[in-house]
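**Student:** Pasting a structure here, questions to come.
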Amino acid sequence: MIIAIDGPAASGKGTLAKRLAAHYGLPHLDTGLLYRAVAKRLLDAGLPLDARDHAVAAATTLDVATLDEDALRGRPMGEAASIVAAFPDVRAALLAQQRSFAAQPAGAVLDGRDIGTVICPDAPVKLFVTASAEERARRRTLELVGRGEPADEAAILADIRRRDARDSGRATAPLLPAPDAVILDTTGLTIEEAFQAALQLVESRIAAYNSL
Ligand SMILES: Nc1ncnc2c1ncn2[C@@H]1O[C@H](COP(=O)(O)OP(=O)(O)O)[C@@H](O)[C@H]1O
Ligand SMILES: Nc1ccn([C@@H]2O[C@H](COP(=O)(O)OP(=O)(O)O)[C@@H](O)[C@H]2O)c(=O)n1
């Protein structure tokens, strides 16, 4: 079973993806890490983020199995990732690895921006997780504080709005719910409530899929 989860920054998609993967015993891929890793390679080499050919080369040689989540998680890398993610050739270079991760025998949970629309358009279960920009900024601020990183909530809200606009406005694989995705707004929900709601949606999708 493939579970495709998309949504904007700090909507809680990664948290839900991890919990659903644990619940169903499926492998999980946070696809945002791939774009973050491409951006980090450019920055580490002292290259600008618009160095398209270098970004494509980095994407082509990236190995999903060796991503260092801790080094990629911080705030600047999210912004940087959304710049390299707008290059269609970078996205194309990352496509096969994501599809092969999804094609594991038992299935997989993938989260990102284009899983339900581009990477796994045939996934039987698609969730589009969202929350208000203010709530997402509040969550990301708490997360950064918890990691000991500097966190100014107003600046984080501005980041989130800028990244939403860039991710939704790009020509290739924009952030968008697939037509057959179920939308889950987690604004007023705790993590546990959001998980229970997601679980119900997944179970009802599985039941509908099995009755076909
Ligand atoms: N429903 C929720 N209520 C409160 N905090 C949440 C909720 N869902 C996620 N979080 C917290 O918000 C932050 C961002 O969540 P995360 O799952 O990483 O988002 P995303 O993967 O969409 O960027 C994390 O610190 C997470 O623990
Ligand atoms: N499938 C994906 C995943 C991420 N991305 C890009 O990578 C950036 C970082 O994604 P992320 O999921 O790690 O970011 P957060 O939602 O965790 O803040 C996003 O803003 C997108 O521009 C993408 O284009 N497609």
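Even glycines carry a Cβ here, placed using N, Cα and C.
The ATP binding site annotation in TrEMBL covers GLY7, PRO8, ALA9, ALA10, SER11, GLY12, LYS13, GLY14, THR15. The annotation domain 'Cytidylate kinase' is assigned in TrEMBL to 3-203.
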**Student:** Which residue, of the binding-site residues SER11, THR15, has its CB surrounded by the fewest other CB atoms within 10 A?
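**Tutor:** Taking SER11, THR15 as the binding-site residues, the minimal 10 Å Cβ count falls on THR15.
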**Student:** Does anything in the same chain, at least 6 positions from ALA9 (ATP binding site), have a Cβ under 8 Å from its Cβ, and if so what?
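**Tutor:** Counting only residues 6 or more apart in sequence, the Cβ neighbours of ALA9 (ATP binding site) under 8 Å are GLY78, ARG136, ARG140, ASP159, ILE160, ARG163, ASP164, ASP167.
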**Student:** Given GLY7, SER11, LYS13, THR15 as the binding-site residues, which ones have a Cβ positioned under 6 Å from some atom of ligand 2?
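**Tutor:** Checked binding-site residues vs ligand 2; nothing flagged, none.
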**Student:** List the same-chain residues at least 6 positions away in sequence whose Cβ sits under 8 Å from the Cβ of GLY7 (ATP binding site), in sequence order, or say none.
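**Tutor:** Within the chain, GLY7 (ATP binding site) has Cβ neighbours under 8 Å at LYS13, ASP111, ARG113, LEU127, PHE128, VAL129, THR130, LEU175.
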**Student:** Once the chains shown are all counted, how many other Cβ atoms turn up within 10 Å of the Cβ of LYS13 (ATP binding site)?
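**Tutor:** I get 28 for this one.
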